[in-house]
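Colleague: Take this structure first; my questions come after.
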Amino acid sequence: MEGHEGERLCGKWRVACGLYSYNLRDVFTWHLLKTVVMGQVLSLLICGTAVSCQYLVDAKVETPMLQSFLNYALLLLFYTTILVARKGERNIVQILKTKWWKYLVMGLADVQANYAVVKAYQFTTLTSIQLLDCFVIPVLMLLSWFFLKTRYRPVHFVAVTVCLLGVGAMVGADILAGRDQGSTSDVVLGDGLVLLSAGLYAVSNVCQEHTVKNRSRVEFLGMMGLFGTLISGIQLVALETSAVAAIKWDVRISTLFAVYALCMYALYSFMPVVVKMTSATAVNLSLLTADLFSLFCGLFLFHYKFSALYIISFVVITVGFIMFNTVPTYTALPEGEPADDCPAESPSDRLLPADGDAPRSETLTAVAAL
């Protein structure tokens with residue numbers, strides 16, 4: 001009897017920690033492969049925006065709000081138009097009647113996050129930005145815990161730690177290569193802007209995950225296009241009128257703006273798909289490799305100095321990302337709500353059996369008893 005009780009407690013502990021007796025087929029699934037590949041596609045798109053931004057900065061063009069405005073305008077033209085053409089409850093008029101303030105908050109958070117992190121480069125160093133920008137992950141996990149009722153297991157925290165160690169290796173490689181770029185005119189202000197940006201990104205990403213999993217991807221992007229265009233347009237007129245007037249437009253500058261806007265548009269369009277498959281936290285972990293892709297491009301385009309730590313960093317971040325996605329998170333049921341009333345779960349919320357032949361219902365029961 002005591003042996004059976006010990007096995008039961010051990011099984012509950014393994015379920016809580018996310019430690020299962022996996023076969024390789026249980027771990028390396030097509031879903032995991034698609035998640036990894038799609039996450040790296042997002043990183044490549046961010047790399048495209050970073051490279052085009054670098055060329056614009058080299059050309060003495062510093063108009064972050066104009067660049068954001070072009071992205072939101074593209075979302076407005078495509079996705080908001082779809083919402084306008086819809087009928088019934090999913091029409092844009094009905095959405096605005098009931099949820100306008102929620103999407104206004106989401107748009108404000110997203111626009112200001114984009115602006116704050118670009119502005120930070122004027123006051124602090126690249127190293128500080130790379131390190132402090134990771135603050136988005138713990139904030140996002142905290143917000144997801146309280147507002148989305150997402151529950152993490154110890155293995156998820158280990159995976160996040162592994163990813164952050166990979167970022168540390170990348171920053172170390174930057175320092176050894178002498179790439180501590182940026183400014184030191186007001187480090188405290190710059191670091192504060194990065195932390196503010198990380199917090200706002202977390203708010204925006206939590207709103208995105210909730211919307212795409214409970215409403216629709218088109219509704220999220222349509223509302224983001226509407227309010228993002230409105231907010232960034234007002235700030236563009238207020239902050240960058242003279243900077244835009246000073247741009248010496250030619251084919252090269254126009255092409256760089258077009259590349260940036262198209263990469264951002266593709267990023268915003270594609271990211272909700274990956275968020276729905278996994279979670280906003282998992283997506284942000286995959287985006288940690290974006291700086292590495294930018295560095296690899298910089299080896300050829302900007303003649304950066306190579307370091308083997310870049311390869312190590314990429315491998316470590318990828319391993320941490322795979323660890324995070326191998327053991328699914330789950331959503332806590334509200335108090336008093338029976339499991340049978342729970343809506344159909346998404347792939348990212350599945351719970352795997354504690355052992356190869358244990359039925360799924362036993363695993364759910366063990367989790368509920370914890």
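Including glycine, each Cβ sits where the backbone N, Cα and C put it.
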Colleague: Could you tell me which of the ranges 188-208, 335-355 is annotated in TrEMBL as transmembrane segment?
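Modeller: Here TrEMBL associates transmembrane segment with the stretch 188-208.
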Colleague: Should anything in the same chain at least six residues away from the transmembrane segment (188-208) have a Cβ under 8 Å from its Cβ atoms, list it; otherwise answer none.
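Modeller: Apart from its flanks, the transmembrane segment (188-208) reaches 102, 105-106, 109-110, 112-114, 116-117, 119-125, 128-129, 132-136, 139-140, 143-144, 147-148, 182, 220, 271-272, 275, 280, 283-284.
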Colleague: Would you call the transmembrane segment (35-57) and the transmembrane segment (308-327) in contact, using three or more Cβ pairs under 8 Å, pairs 6 or more apart in sequence?
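Modeller: Contact criterion met.
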Colleague: Using a threshold of three or more Cβ pairs below 8 Å, and leaving out pairs closer than 6 in sequence, do the transmembrane segment (282-302) and the transmembrane segment (69-88) count as in contact?
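Modeller: They are not in contact.
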Colleague: Restricting to CB pairs under 8 Å, which listed stretch, 220-239, 282-302, 308-327, is in contact most with the transmembrane segment (155-176)?
Modeller: 308-327
